[in-house]
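Scroll down for the structure; my scribbles are underneath it.
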2 protein chains.
Amino acid sequence: MKVIKFGGSSLASAEQLTKVLNIVKTDDRRKFVVVSAPGKRHGKDTKVTDALIAYYEAYTSGKDVHENQEWIIARYQSICDELGIPGVVMASISEDIHSLATLPITDNQFLYDTFLAAGENNNAKLIAEYFSENGIKARYVHPKEAGIIVTPEPGNARLLPSSYKKIETLTHYDETLVIPGFFGITEDNQICTFSRGGSDITGSIIAAGVHAELYENFTDVDGIFSAHPGIISNPSSITELTYKEMRELAYAGFSVLHDEALLPAYRANIPLVIKNTNNPDHPGTRIIANRTTAGSPVVGIAGDGNFTSLNISKYLMNREVGFGRKVLQILEDFNIRFEHMPTGIDDMSIIIRNRYLTEETEQHITQKATDVLHPDTLHFEKDLSIIMIVGEDMNEHIGVTARAANALAAAGINIEMLSQGSSEVSVMFIVKTNQETAAIKALYAEFF
Amino acid sequence: MKVIKFGGSSLASAEQLTKVLNIVKTDDRRKFVVVSAPGKRHGKDTKVTDALIAYYEAYTSGKDVHENQEWIIARYQSICDELGIPGVVMASISEDIHSLATLPITDNQFLYDTFLAAGENNNAKLIAEYFSENGIKARYVHPKEAGIIVTPEPGNARLLPSSYKKIETLTHYDETLVIPGFFGITEDNQICTFSRGGSDITGSIIAAGVHAELYENFTDVDGIFSAHPGIISNPSSITELTYKEMRELAYAGFSVLHDEALLPAYRANIPLVIKNTNNPDHPGTRIIANRTTAGSPVVGIAGDGNFTSLNISKYLMNREVGFGRKVLQILEDFNIRFEHMPTGIDDMSIIIRNRYLTEETEQHITQKATDVLHPDTLHFEKDLSIIMIVGEDMNEHIGVTARAANALAAAGINIEMLSQGSSEVSVMFIVKTNQETAAIKALYAEFF
């Protein structure tokens, strides 16, 4: 059995859905199909999920929502029309979209998730019907029926481990199951989504739950490239990656696969392959526990912007038991996650994603930290990017850090921070965001 | 006015004390003399401080202390005899050494400090008398009289900032003041020492308190070398260092100057010079706020062993708000200071000095951390050394890290961890201790 997941661009139009149908048909082990909401058909198109956000905002701010509803319904209708899907599905979809605007506006966070989830949910109904009409015995399964029970963290749900028992029973069905991705159900029956792009997570959960032989993740690219194609023209594609390598690349900006989607597959040791709906014969990129050694010690170079560093210095900082803990406590009190904490002798930097900070929060943190820590200096440093070079074999190649630092130096790029060794499979550089592209180019030229 | 401090080897014998006398005499601005306990006269000699530790241990374990007392008294007696110092001082010293064995064994920590402090204290009496007999109007001043009031942290005292007001009044004396280093007095009148080697701290405190024009720290070397002479033969000596550079070098093993001794001088902006009692005409090493640019971006390379790393990995660690804080809280609960905390994506290493760890503590930490954090893996990694390359100009030299990493790679040294950027003036490498010497040699060859 295989679990196969299709992303939004693979499901954006009748033309794409025809490809999806053929892919599922060519291998009868593809018994579990996880689907996203319809994506963009062309560059200026709107994703259904974004249309649902606009609908939610109009509804909760008391505006007229008629136009929002009609746009979304028409979007599904046009796919149904082109594919000749009978009207009964569209009636269900239309009713579901309208019914959102009758829900009580009490807990806005769960309500928001309920609006968003409608994109995947209705697409799953549509696709199950399309499959059934075209020779695949298919059945739509709601996440509640599938047993995807999650923590009540809107926009950031996590699967309850106890869910797997129920998910395993999905293997009892004869039909090919079509399951909407991206969301689960809380124990209180609230719809609650994973973090955005979370259909990958659903696929991984189902694959782990049913002990699939393979989790196929279909996107619109021929697998994972060794660097972002928007920065490096025609980067080499990667045949095999380990879970760890993928995890680090995903963390630092490789958005092909959601960075939390690996965990269930990793823990259950399910191989994962990234493939292209538009080029299904391409082998894509396999993600597995152990791979055969590649030529280069580096398999991929990733970069991600939007980081801020909180820099604190205090003479004899390390004599104070609890100094670091107090710094982190202050951040935790503001519910801020930190990414890294490189330290000098009397200096400490805490790297934080910009999205956790506002000017107001920064002021509060500055005030609190000044009162509690009495630092010599404390300031926020903006516009930082994390660059990671990733490869399982790096540990066996002593000079990798040297080569990387050399390449950056030769390109005139200042390394704001460099950290090597805490992770076994990556070296991390922090540079100013305006040097991020140049840094990735320099590293790519060095290692590929 | 200058504050001048002499280390133990400068005060070990009559021959050395003659040099000290001449040094103090040649500059009448040398009004404050801070002294250590007598050090070793030759390789196999015992330091007075170590003899006092043995005395303390014999006394508190109920053994006969007569031999301990006599050895210490004889040590001072031989110096007095050679210098022809009148017997009244020896009577006072002898009484003081004997009186230690009459103190109540209640609070052992303060008692230990009281024993230790006797080495400096009696030497100050002896030297003040020697000066007075030889043309310097000198006066012995006990730290209590000097106003060195400290926190009640035995073996680790810190000056109370309010002390400076009293210390400033030392400028009212006409005499040259001889002050024992290494200890102060708590507000409860307990003798409490700085961390070991802390006479440097006393000198720095006096220099800051009396607003000295210069703090002269006399040792037995011609200043600071750019690397340890035990590892690099004939390393180049350093003419000028900034406080920051000295601080980082001292942290990572440059033991010429106590690494906490800089703070008072630094805050009061008092220039400091490291000079050689045996070669007083050598200019030594000046430590100041800003220096003129040197030729090499690196001024010194230091290494220090005896570090352990606690390595923790957990998938999606950084999604858990508070994970890092909890790790540090556990260490804090065991009263353990951490030195550095490099982090990967799902990995965290906490670098700790070996002296804070025992096998038992490690077991407790492992247990607690496993219970609280549910890590995927957790283990202690032993026998690590920190190597630091230090220089204020490094920030302006983009390629310094690259050169250093290259040099280490070329020498076949595996960089366990590397951290650059959190400190403005250093790059830190962590290597296995059995590669420490080779690493320092490789870096020295690269930069000098």
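Keep in mind that glycine also has a Cβ here, set from the backbone N, Cα and C atoms.
The ATP binding site annotation in TrEMBL covers A:K5, A:F6, A:G7, A:G8, A:T219, A:D220. Taken residue by residue with DSSP, A:G7 (ATP binding site) is part of neither helix nor strand, so it is coil.
For A:E120 (substrate binding site), the number of other Cβ atoms no farther than 10 Å from its own Cβ, over all displayed protein chains, is 27. A:E120 (substrate binding site) falls within a helix when secondary structure is assigned with DSSP. Among the features that TrEMBL reports, substrate binding site is placed at A:T49, A:E120.
Marked as domain 'ACT' by TrEMBL: A:389-448.
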Pairwise Cα distance maximum in Å, ATP-binding residues per record: A:K5, A:F6, A:G7, A:G8, A:T219, A:D220: 12
A:E120 (substrate binding site) and A:F6 (ATP binding site), Cα-Cα, nearest whole angstrom: 11
Three-state secondary structure, which DSSP defines for A:T49 (substrate binding site): helix
Same-chain residues at least 6 apart in sequence whose Cβ lies under 8 Å from A:T219 (ATP binding site): A:G7, A:S9, A:S10, A:V256, A:I274, A:K275, A:N276, A:T277
Mean of pLDDT values spanning the domain 'ACT' (A:389-448): 88
DSSP residue counts for the domain 'ACT' (A:389-448), split into helix, strand and coil: 31 helix, 13 strand, 16 coil
Cβ-centroid neighbourhood (8 Å) of the ATP site, A:K5, A:F6, A:G7, A:G8, A:T219, A:D220 excluded: A:S9, A:S10, A:L11, A:S36, A:G39, A:S199, A:N217, A:F218, A:T277
